[in-house]
Amino acid sequence: MGLFIWILILPQLVLFLFSPLLRTRPVFRWYYAKVFHPVFEDVNRFRWKYRAVPAFYLTIYAYCTFLFFKDIESLIRARLLRIERLLIIPGALSAPIITGLLTTWIKPKPTYALPVLDAYDELIFHSGVNCRTCKLPKYARTKHCPICNQCVQLADHHCVWANNCIGRGNYQYFYLFLVSNVFLTNYGFLRLLFLQRFVHSRQLLILSILLGCFGVILVIFSYFQFVLVRDGMTTNEENKWLVVHDMVRARQMVTDVAGKYYFRLPANDQESPAEPLSSSKNLSQDPKKFRLSNNSPDTYVYYSTNPYDNATYEVKDPKEVTSASTITNIYDEGGFWKNLVARLDFT
């Protein structure tokens, strides 16, 4: 039976992992067109898939909780502290459900709900732009979510575990959901690991392994979230900053006399980028290609860093940006705690 299950699973894993790369090949082409693209890339087909991930989370949670109370709690109860039995364990088990429901139910603030006060930095966010989908003003630090079909203020990402966008208005619930899961998995793993010295049980070992694996994944994800808050950026903004850094490394980023940012391409390069800040097409090339023998401004064509603006510009006295560290992130309030308070919204 076990061999039969693996015979079914392994081909699916191979097709899932390699169909995006090998989608021109016969078998992979069919799998990509019929399975991978509609399920994982097309946001309008099989809308039930967005509810399947939270259901999967609840299934894993219910299984681990059932395993604990059915086979483990009675074995370790005598070795638990009173505060653990009455407070820590009930709280640790209930917190992920409560915070998860809040994260799922409470929507972030859309751009049409309240005025957006974030300033435009004219580098990764530009004034005078409308969302191509909503047709509403594209405010600074907002992003259109094709799954939720709205532009979200201070948008971070669409959380598949809660089937909800994370942005201004529900950051606090998302962070509590994340912290409660980190505490539950790591506390449970360490406590069960300690108790294995006194209680020998196969179920206890299985649960501790599951909690340990989930705990490591959650700690890593939490660390990346911590870094984003510390640096004053969201997941959406991090992707934009990565493109900016690529431009700097490729010696494409310049400023004019007023300090406005542009990016440049050689004048003999006939391909003008359609979306400079949303595509790395022109950044994957060898930076040496752009090191012309003549540094005159006339040897370059200059573009705005606005992905909605394909016009060319005349830049007087361009100054090359030699290091990304010289670019100021105006959304960084100056440290983790200040940035955290700035994005939490209880109104």
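Cβ atoms here come from the backbone N, Cα and C positions, even for glycine.
Sequence annotations record features per position, and here TrEMBL assigns transmembrane segment to 48-66 (among others). Taking Cβ pairs closer than 8 Å, the transmembrane segment (48-66) reaches residues 39, 93, 96-97, 100, 104, 147, 160-163, 207, 210-211, 214 in its own chain, all 6 or more past its ends.
If you look up TrEMBL, you'll see 86-106 (among others) marked as transmembrane segment.
Among the features that TrEMBL reports, domain 'Palmitoyltransferase DHHC' is placed at 129-241. Over the domain 'Palmitoyltransferase DHHC' (129-241), the average per-residue pLDDT in this prediction is 93.
Residues 68, 72, 76, 84, 88, 92-93, 95-96, 99-100, 102-103, 106, 159, 162, 166, 204, 207-208, 211-212, 214-215, 218-219, 221-222, 225 of the same chain lie 6+ residues outside the transmembrane segment (173-192) yet bring a C-beta within less than 8 angstroms of a C-beta in it. The annotation transmembrane segment is assigned in TrEMBL to 173-192 (among others).
The transmembrane segment annotation in TrEMBL covers 204-224 (among others). With a cut-off of 8 Å between Cβ atoms, the residues of this chain six or more beyond the transmembrane segment (204-224) that come close are 60, 64, 67-68, 71-72, 75-76, 178-179, 181-182, 184-186, 188-189, 192-193, 195-196.
Marked as region 'Disordered' by TrEMBL: 270-295.
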Same-chain residue ranges lying at least 6 outside the transmembrane segment (86-106) that approach it to Cβ under 8 Å: 54, 57, 61, 65, 80, 159, 161-164, 166, 169-170, 173-174, 176-177, 180-181, 183-184, 187-188
The domain 'Palmitoyltransferase DHHC' (129-241), counted residue by residue under DSSP: helix, strand, coil: 61 helix, 14 strand, 38 coil
